[in-house]
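Right, one structure below, let's go through it.
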Ligand code: NAP
């Protein structure tokens, strides 16, 4: 890529960001499309977030992604928050348009896009159990509720957070927060199980957030973790005849949707997926 005075700038703001696969995926997307754009990663402390946002704005960045721990805190520094981000309560993508900073959230839409494309699952009228009630759970549950899920049950270690999220979701669907002890019964009655906690993530590969005996052949099990690609939960689910879906696609499509918002062009998803997989394999 030739870096010139006219090169358009985008990036990622988080802390830490050294492990992020977004730069390799997004720069490949720009290059594949022949766009003179660049994507850089910025490690920003919480105390300096406001200054960093002001700096990116005045330096003319076209947009940037926001990752942990700034997805909520960044909102107060923006001019407009789109509905998806307002309802999820977090921003993962900023677009600079006519000098205004617009915050949106592509995590939930990226998840759904990946789910539909990779498994063909139609969420309308289906019963969903979500493990976890953090940021990823908020994004996914909101999107599934809006897409027509018939029922969403939230299971979380801290039960109060599950109940609060369920109450929020009741605007769109039947929802309740349940204790981990009630998870097995709920899973037996569900069509889709979405795992949004960090249990089972590298390097704690043997972690499994539910009793494997509750998994069954009529279930689609989706794990947001992408390192490893096949978590223990997905292996246990597959062994019991369930269909499985890994978190890699969510990472890919949330990036593809951000690319499309910034450039106004279709993202080269196939190529982005290839470099993402390659980069993760190289990381071990
Ligand atoms: P978060 O806001 O910190 O939420 C973490 C959630 O996991 C909370 O519900 C927490 O429960 C639960 N949890 C953590 N450790 C646990 C344990 N040992 N046992 C039971 N529950 C536990 O984090 P997040 O942003 O939602 O991310 C969660 C996961 O999703 C991470 O693994 C992340 O890599 C993955 N993710 C993937 C993508 C993707 O693109 N594929 C995108 C976003 C996130 P408490 O409320 O009780 O603390």
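From the backbone N, Cα and C atoms, a Cβ is placed for every residue, glycine too.
In the predicted model, residues of the domain 'Shikimate dehydrogenase substrate binding N-terminal' (12-94) average a pLDDT of 97. Positions annotated as domain 'Shikimate dehydrogenase substrate binding N-terminal' by TrEMBL: 12-94.
Long-range C-beta contacts of residue 226 (shikimate binding site), restricted to its own chain and to partners at least six residues apart, with a cutoff below 8 Å, comprise 246, 247, 248, 250, 251, 280. Residues annotated as shikimate binding site in TrEMBL: 20, 21, 22, 67, 92, 107, 226, 254.
Residues annotated as active site, proton acceptor in TrEMBL: 71. Within the same chain, residues at least 6 positions away in sequence whose Cβ sits under 8 Å from that of residue 71 (active site, proton acceptor) are 90, 91, 92, 135.
Neighbours of residue 83 (NADP(+) binding site), defined as other CB atoms within 10 A of its CB across all chains, total 11. The feature NADP(+) binding site is assigned by TrEMBL to 83, 132, 133, 134, 135, 136, 156, 157, 158, 159, 160, 161, 224, 247.
Annotation source TrEMBL lists domain 'Quinate/shikimate 5-dehydrogenase/glutamyl-tRNA reductase' at 122-198.
Annotated domain 'SDH C-terminal' per TrEMBL: 247-276, in sequence order. Non-local neighbours of the domain 'SDH C-terminal' (247-276) in the same chain are 10, 21-22, 24-26, 28-29, 32-33, 35, 37, 62-63, 65, 92-93, 95, 104, 106-107, 109-111, 113-115, 117-118, 222-226, 229; each lies 6+ residues outside the stretch with a CB under 8 Å from one of its CB atoms.
For the domain 'Shikimate dehydrogenase substrate binding N-terminal' (12-94), residue counts in helix, strand and coil come to 35 helix, 18 strand, 30 coil, using DSSP. Annotation: 92 carries the greatest number of neighbouring Cβ atoms among the binding-site residues 92, 156, 158, 254 [cut-off 10 Å, Cβ to Cβ]. Looking at residue 133 (NADP(+) binding site) and residue 254 (shikimate binding site), their Cα atoms lie 19 Å from each other. Site extent for NADP(+): among the recorded binding residues 83, 132, 133, 134, 135, 136, 156, 157, 158, 159, 160, 161, 224, 247, the largest C-alpha separation is 28 Å. 135, 158 are the recorded positions among 71, 135, 158 whose C-beta comes within less than 6 Å of an atom of ligand 1, given in sequence order.
Of all residue pairs in the shikimate-binding list (20, 21, 22, 67, 92, 107, 226, 254), the one with the greatest Cα separation is 18 Å apart.
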